[in-house]
Amino acid sequence: MVPPIPPRPLRAHRSTPLSGRIRVPGDKSISHRALMLGGLAVGRTEIRGLLEGEDVIATAHAMEAMGARIDRQETADGAGVWTVDGVGVGGLAEPADVLDMGNAGTGARLLMGLLATHDLTAILTGDASLRGRPMKRVTDPLALFGASFVGRSGGRLPMAVRGTATPLPVSYRVPVPSAQVKSAVLLAGLNTPGETTVIEPVATRDHTERMLGHFGAALRLGRDDQGATTITLTGQPELRAAPVEVPADPSSAAFPLVAAVLVPESHVTLAGVGMNPQRIGLIDTLREMGADILIRDPRIEAGEPVADLEVRASALTGIEVPAARAPSMIDEYPILAVAAACARGTTRMHGLGELRVKESDRLSAVATGLAACGVDVTVDGDTLIVHGKGTVPKGGATVAVNLDHRIGMAFLVLGLVSAEAVTIDDGRAIDTSFPGFVTLMTGLGAPISLI
């Protein structure tokens, strides 16, 4: 029997000014999609800047198990260049073994979309956190194509997916804003004859649509009579291999960015950060609170907007964060709550119900951790209310992260500005999205260490 991997507790102490120019790892959302669409394209796709975290590697292994050939070459500076030789739309092979997606919720849900319209059977599983996350909101629309799913109660993994040999085109209105649900339906539509349409009342990140277009799929955007966005995909295209330059992940950039805002006299530049309009809610919110964030050299790379961010330490003021902003920053609320704890005045973050079904119940985890660190915080339904005093938080707590990478990184940032050190009980999950986080932060001057 393989012995369990021991926890890796990390501790952050109050920091002196942070400084430097860094590039955080590649965007996780785009990395998953690049591997999947490269695996369905005809020819060889070259990917630079791929996030080499555990979640994305799980997707790479899954695509290999279904016939794609994936290889990594290392450049002189140690960066990885990935190549994917695709099998063509409709060419996925039935995997010989269970597909273990680890902690990759995005990878698992998007993969279900691909599997749903291929004539094969596959079994998906994951780690304890992923096995506890609901999948029904993805499997319900995918069943409309003709696929069937057998999982644990509540539609949880492990789950057997039986793809249909005769998929039917679908028109699906997304009931709750979710880029993962939208993307799973569009990916299922790739191997479906005719037109598949997703109706989206509230806009969510559009990485899937951008990358489908980059690989040559025919997409049509419009509006219905209620003002909702309609995305129509023509099925069974021949996707063409295309080079992909993955921008730095704005959700990962959020942690050094907020640290630079909060640690006095800091000055940090983050290079090549993805600036997709549906991903910059945190930047907009921090600037409203008073953060000094300059957007330098805006540009387009592989269909995605990118820029460098120059960040200086700033005094923040509490604000109201509307529910409508949640889709553009759903992963950034834990670190925004840390910023709010250091601001002067009250910050109310509305519409956070989605946080309850992430890698952990993030809403409860954030509130519990902040309270343990001496912050005045309350939860009112789906609203998180943080009463900042404009002073240094007490800190001094050990925070249970429950295998949630973003909770872990958020509270390490809090430790950099707290009177007493903050400890997280286990930092292993950070590698799922941000390998090298501690090394990068210590390079800026942050006192974060293994204990």
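Just so you know, the numbers here start at 1 and follow the chain as drawn.
Placement of Cβ uses the backbone N, Cα and C atoms for every residue, glycine included.
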- Message: Looking at the 3-phosphoshikimate binding annotation from Swiss-Prot, with K28, S29, R33, S178, Q180, K358 already listed, which candidate in D331, D380, D382 is the matching residue?
- Response: D331
- Write out the long-range same-chain contacts of R33 (3-phosphoshikimate binding site), meaning residues 6 or more apart in sequence whose Cβ is under 8 Å from its Cβ. L110, S183, H207, T208, M211
- Message: Please report the distance from the Cα of K358 (3-phosphoshikimate binding site) to the Cα of K28 (phosphoenolpyruvate binding site), rounded to the nearest angstrom.
- Response: 15
- How far is it from G105 (phosphoenolpyruvate binding site) to S29 (3-phosphoshikimate binding site), counting Cα to Cα, in Å? 11
- Task: Pop the Cα-Cα gap between D331 (active site, proton acceptor) and Q180 (phosphoenolpyruvate binding site) into the table, whole Å please.
- Result: 13
- Note on the structure: Most isolated by CB count within 10 A, of the binding-site residues K28, K358, R362, R406, is K358
- Anything within 10 Å of D331 (active site, proton acceptor)? Look among the binding-site residues K28, S29, R406, comparing CA atoms, and list what you find. R406
